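**Q** According to TrEMBL, the transmembrane segment annotation covers A:12-34, A:46-64, A:95-118, A:125-147, A:167-198, A:219-242, A:262-279, A:308-327.
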Amino acid sequence: MTTTTQRVRRVLARPETGALIGALAVYAFFFAVAPTFRQFDSLATVLYQSSTLGIMGLSVALLMIGGEFDLSAGVAVTTSSLTASMFAFQLTLNVWMGVLVALVLALAIGAFNGIMLVKTGLPSFLITLGTFLMLQGLNLAVTKAITGHVATDSIRDMDGFDQARDLFASSVSIGGTGIRITVLWWLGFALLATWVLLRTTYGNWIFAVGGHRDSARAVGVPVTFVKVSLFMLVGFTAWFVGMHQLFAFNTIQSGGGVGNELLYIAAAVIGGCLLTGGFGSIPGPVIGAFLFGMVSQGIVYANWDADWFMFFLGSVLLLATLLNLYVRKQATTRRLT
Amino acid sequence: MKRAHRSALAALVAAGALLAAGCSSDSGGKAAQDRAEEGEVGQADTPRMTVALITHGAPGDTFWDTVREGAETAAHKSNAELIYSSDPSVSGQANLIQNAIDQDVDGIAVSLANPEGLSGAIAQAREAGIPVVGLNSGMDAWRDLDLLSFFGQDEIVSGRAFGERLDEIGAEHTVCVIHEQGNVGHEARCAGVAEAFDGETEVLYVEGADMPSVRSTIEAKLRQDDSIDYVVALGAPFALTAVDSVADAGSDAEIATFDLNTELVTSIEEGDIQFAVDQQPYLQGYLAIDCLWLYHTNGNFSGGGEQPVLTGPAFVDGENIDTIADFARNGTR
């Protein structure tokens with residue numbers, strides 16, 4: 001066995017390789033069938049859609065590597081933006097105050113999930129399902145009680161809005177194409193998360209608690225701290241994406257976000273994270289989110305009948321995942337023989 | 001052995017065919033639907049154009065399918081290719097507008113469920129020189145967004161008309177069933193009903209994506225308060241479900257609804273549902289696309305950028321149901 005083939009196999013066995021091959025295949029496919037898809041402008045649209053999903057996908061993937069789920073992540077995004085918007089509007093404050101309060105609340109929701117999980121020992125699926133439903137109800141009830149409507153008032157003309165929009169929802173022109181800033185944040189966060197996961201003790205702890213919680217505790221990993229902080233990290237990204245939505249769309253409808261939690265988990269799983277925990281990577285969910293964005297916009301660029309949209313989306317994702325599985329199996333079985 | 005098998009199989013097939021032929025239905029089914037469908041409409045000889053219709057409809061919603069039917073007919077007549085896409089979330093819809101801009105379409109028709117949220121994407125379309133018309137929702141915002149024209153019904157106005165109708169009938173206590181939490185248009189309808197209606201109006205939220213839960217929630221509400229004498233639904237499928245809920249609860253409440261579909265027409269004919277307020281979705285889709293064609297070929301548009309074109313409210317009840325029934329069965333009302 002030569003070192004080159006060993007190296008190739010090691011690369012193929014990585015969690016994200018299959019997703020990458022799947023993504024390339026999907027890219028080539030839409031490149032062939034949809035002329036509009038080839039333009040750089042279209043790639044920017046795809047990247048934008050992938051970025052908000054992708055930012056959440058990063059923290060959800062870390063949480064999954066740590067062995068837990070968060071079903072409340074989708075509505076937590078809406079909770080954050082509603083909080084920021086209403087707090088600033090109702091008290092007529094600089095919008096940054098709202099942004100800060102929303103951050104505190106989002107982290108608190110994450111901490112609540114984590115502490116409940118550790119204290120009760122119940123599966124995170126149940127705990128966060130409860131939080132998910134509670135937040136969904138709160139989003140509507142509190143918004144209705146405070147504003148009298150189901151959507152928040154526009155905060156576009158308030159102090160600090162322009163600054164905040166620059167940070168969360170502006171566009172950067174690269175070669176004449178407007179790239180949304182969330183794309184840059186997404187890639188930036190991904191680099192940071194990769195470094196944390198692979199180069200720090202904390203990163204090792206995440207793998208350890210996701211693999212074997214009890215063994216991890218036995219060798220001195222602070223399991224409670226790791227789990228709670230991972231949930232808070234999901235809270236942080238939910239806040240970030242929530243702020244993007246607020247400053248990109250000025251008002252927020254209280255019913256939003258429901259169902260998105262599954263897309264975040266999907267991005268992580270397509271990217272090779274195992275549902276059982278302990279295995280995964282950061283490039284994985286990045287590619288997973290990109291694949292999702294590519295398929296969902298590509299279908300429209302290709303002008304396929306909208307009635308078939310969900311079917312195409314599901315089947316392309318399934319094919320990409322199967323490819324992922326196949327590639328990894330090939331790589332790992334050959335190593336054994 | 002083999003031959004015996006084969007003849008048995010032949011006999012079975014023959015029997016099956018006979019049975020199927022003998023059992024064919026004389027009414028209803030696909031055959032009746034085909035009979036009802038109209039002949040091909042003509043087509044303009046203007047140059048081929050591409051238009052996009054981008055709505056906030058959930059996939060599979062009968063209402064939006066009717067809008068799309070109208071748009072398809074208008075596109076066909078206008079020798080235009082229609083790109084239909086929809087996403088219930090604001091961010092998704094904004095992305096689809098961006099997508100249409102990337103495809104360099106000749107016109108965009110968009111439903112403005114959240115006008116504020118779509119303002120950025122629409123501004124970009126305008127910058128790219130693409131004419132944009134609004135339809136369905138966003139009556140109070142389309143002018144600020146620099147749209148050409150708007151086709152729809154004012155939800156508050158139709159809610160009020162609904163409320164006044166309830167007064168005429170002599171209802172006293174209604175429950176307004178909202179099947180999409182957080183939908184501005186739904187809230188406006190119920191607010192309109194409550195405003196014009198002299199009796200008491202309550203709002204009930206149900207989980208619209210889950211019909212069994214809709215059915216039992218309405219039933220529970222009717223059991224909890226037996227003074228309710230009118231159920232106001234905001235969509236045809238929900239009114240039809242409310243018929244079951246009323247029966248299950250043993251209540252004698254009557255049902256009326258916003259919007260129309262094929263089955264609802266039958267229910268109105270049979271008297272299960274009292275009336276429907278139709279905003280004519282087909283007309284909305286048709287007029288929006290037709291407007292884009294007129295603007296593209298002749299520079300015409302309705303309303304001067306100031307006044308919307310109202311497609312409703314039109315009342316459908318036992319008295320005028322006969323004229324509408326056939327069209328509704330085509331899926332075009």
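Counting starts with 1 at the first residue shown.
In case you wondered, yes, glycine gets a Cβ from its N, Cα and C as well.
Curation plays no part in TrEMBL annotations; they are all automatic predictions.
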**Q** Give residue numbers and ranges for long-range contacts of the transmembrane segment (A:308-327): same chain, 6 or more residues beyond its ends, CB-CB under 8 A.
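**A** Those are 12, 17-19, 21-23, 25-26, 266, 269-270, 272, 291-292, 295-296, 299, in sequence order.
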**Q** What stretch, picked from A:95-118, A:125-147, A:167-198, has the most CB pairs under 8 A with the transmembrane segment (A:219-242)?
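**A** When the Cβ pairs under 8 Å are tallied, A:95-118 comes out ahead.
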**Q** Are there three or more C-beta pairs under 8 angstroms joining the transmembrane segment (A:167-198) and the transmembrane segment (A:125-147), sequence spacing 6 or more?
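**A** These two segments do not touch.
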**Q** Counting only CB pairs under 8 A, let me know which of A:12-34, A:95-118, A:167-198 has the most with the transmembrane segment (A:262-279).
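**A** If we count Cβ pairs closer than 8 Å to the transmembrane segment (A:262-279), A:12-34 scores highest.
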